[in-house]
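The annotation domain 'Thiamine phosphate synthase/TenI' is assigned in TrEMBL to 9-191. Taken from TrEMBL, the feature 4-amino-2-methyl-5-(diphosphooxymethyl)pyrimidine binding site covers Gln40, Leu41, Arg42, Leu43, Lys44, Asn72, Thr111, Lys141. What TrEMBL records for Asp73, Asp92 is Mg(2+) binding site.
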Amino acid sequence: MSEIDPCQLYLLSPPQIESAEDFAVTLDSVFSSGDVACFQLRLKEASEDHLIQVANAIRPVCISHDVAFILNDSAELAKQVDADGVHLGQSDGSVEEARTLLGYDKSIGVTCHDSRHLAFEAGDKGADYVAFGTFFDSPTKASDYRPELDILTGWDEATEIPSVAIGGITVDNCQQLAKAGAHFVAVSSGVWSYPEGPEAAVKAFNAQLKADL
Ligand SMILES: Cc1ncc(COP(=O)(O)OP(=O)(O)O)c(N)n1
Ligand SMILES: Cc1nc(C(=O)O)sc1CCOP(=O)(O)O
Ligand SMILES: [Mg+2]
C-alpha cells in the first residue's frame with residue numbers, strides 16, 4: 001500500500017433492514033461522521049421488492065456523500081437499481097457476464113477467500129477489486145477460509161488491483177490489515193454493533209486507518 005493511499009473503509013449493510021426510509025436517514029448520519037469509500041447493500045434474506053425499495057432509498061444518500069454504492073450477489077439487480085457496482089461471490093456468476101451487463105463504468109468485486117489463484121483469475125477476467133477473508137471470527141457469516149495477513153502483502157506487491165479484507169474486522173484489529181497492505185477493510189458488525197453506535201464506529205475506524213502505520 002502506498003503512503004498516499006491509506007486503507008479505506010468499505011461499509012457493508014447490516015444483515016437486515018426493516019424500513020428503507022429510516023435506514024436512509026441513519027446512513028446519511030453515518031456517512032456524515034467520517035470517510036466511507038464504498039457501501040455494499042447485502043440483505044441475504046430480503047425479497048427482491050424490498051431490496052429494490054432499500055436500494056432506491058439509499059442510492060441518493062450514497063451519491064450525496066460520494067460513496068460508491070455496491071450491490072451484493074446480482075449484476076442484473078445492480079443494473080436495475082443503477083448501483084455503482086456489484087460484488088460477486090464464487091457462485092454469483094462470472095465477471096465477464098457482469099461486465100457485459102454493467103459496462104466499464106461500473107465496479108465488479110470478487111470474493112477470493114484465501115486464494116491467490118482465485119484472485120489472479122478474477123484479475124485476469126477484469127475484476128476491479130478482489131476480496132480476501134475471513135480474517136477474524138465473524139458474527140455475520142461463518143466461513144471455512146482463514147487467510148494469513150501476508151496474502152494482502154503479496155497481492156499488493158504483485159498487482160495494481162486493489163484488495164479488500166473482510167471478516168470480523170473491528171476498530172481494534174483493522175490496523176494490522178492496513179499495515180499488511182489491504183486497500184480497503186470491509187466491515188459490517190464492527191460498525192453496526194459498535195457499542196457507542198455506528199457514527200462513533202466510523203470515526204474510530206477512520207482514526208485507526210489514517211494514523212501513521
Ligand atoms: C467485500 C466483500 N467480500 C466478500 C463478500 C462475500 O461474498 P460471497 O462469497 O458471495 O458471500 P455473500 O456475501 O453473498 O454471503 C462480500 N459480500 N463482500
Ligand atoms: C459477507 C462476508 N464475507 C466474508 C468472506 O470471508 O468472504 S466474511 C463476511 C461477513 C462480514 O461481516 P462482519 O464484518 O460482521 O464480519
Ligand atoms: Mg454472494
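Residue numbers in this text run from 1 along the chain shown.
Including glycine, each Cβ sits where the backbone N, Cα and C put it.
Curation plays no part in TrEMBL annotations; they are all automatic predictions.
From a predicted model like this one, the values you see are computed outputs, not experimental measurements.
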Report task. For ligand 2, pick out the binding-site residues Gln40, Leu41, Leu43, Lys44 that have a CB under 6 angstroms away from one of its atoms. Result -> none
Query raised in the report: Looking at the binding-site residues Arg42, Leu43, Asn72, which ones sit with their CA no more than 10 Å from the CA of Asp92 (Mg(2+) binding site)?
Result: Asn72
Report task. Give the maximum pairwise CA distance in Å, whole number, for the residues Gln40, Leu41, Arg42, Leu43, Lys44, Asn72, Thr111, Lys141 listed as binding 4-amino-2-methyl-5-(diphosphooxymethyl)pyrimidine. Result -> 17
Query raised in the report: For Leu43 (4-amino-2-methyl-5-(diphosphooxymethyl)pyrimidine binding site), what is the tally of other C-beta atoms lying within 10 angstroms of its C-beta?
Result: 18
Report summary line: Close to ligand 1, in the sense of Cβ under 6 Å, among Leu41, Leu43, Asn72, Asp73, Asp92, Thr111 as binding-site residues, are Asn72, Asp73, Asp92, Thr111
Query raised in the report: What three-state secondary structure does DSSP assign to Asn72 (4-amino-2-methyl-5-(diphosphooxymethyl)pyrimidine binding site)?
Result: strand
Report summary line: Candidates Leu41, Lys44, Thr111, Lys141 (binding-site residues) with CB under 6 Å from ligand 3, in sequence order, are none
Report summary line: The rounded CA-CA distance in Å from Leu43 (4-amino-2-methyl-5-(diphosphooxymethyl)pyrimidine binding site) to Asp73 (Mg(2+) binding site) is 10
Requested in this report: Would you find the one among the binding-site residues Asp73, Asp92 whose Cβ has the most company, meaning other Cβ atoms within 10 Å?
Outcome: Asp73
Report summary line: Expressed in Å to no decimal places, the gap between the Cα atoms of Arg42 (4-amino-2-methyl-5-(diphosphooxymethyl)pyrimidine binding site) and Asp73 (Mg(2+) binding site) is 8
**Report entry** Long-range Cβ environment of Lys141 (4-amino-2-methyl-5-(diphosphooxymethyl)pyrimidine binding site), under 8 Å and at least 6 residues apart
**Finding:** Thr134, Gly167
Requested in this report: For the domain 'Thiamine phosphate synthase/TenI' (9-191), would you mind checking the mean pLDDT of the predicted model?
Outcome: 98
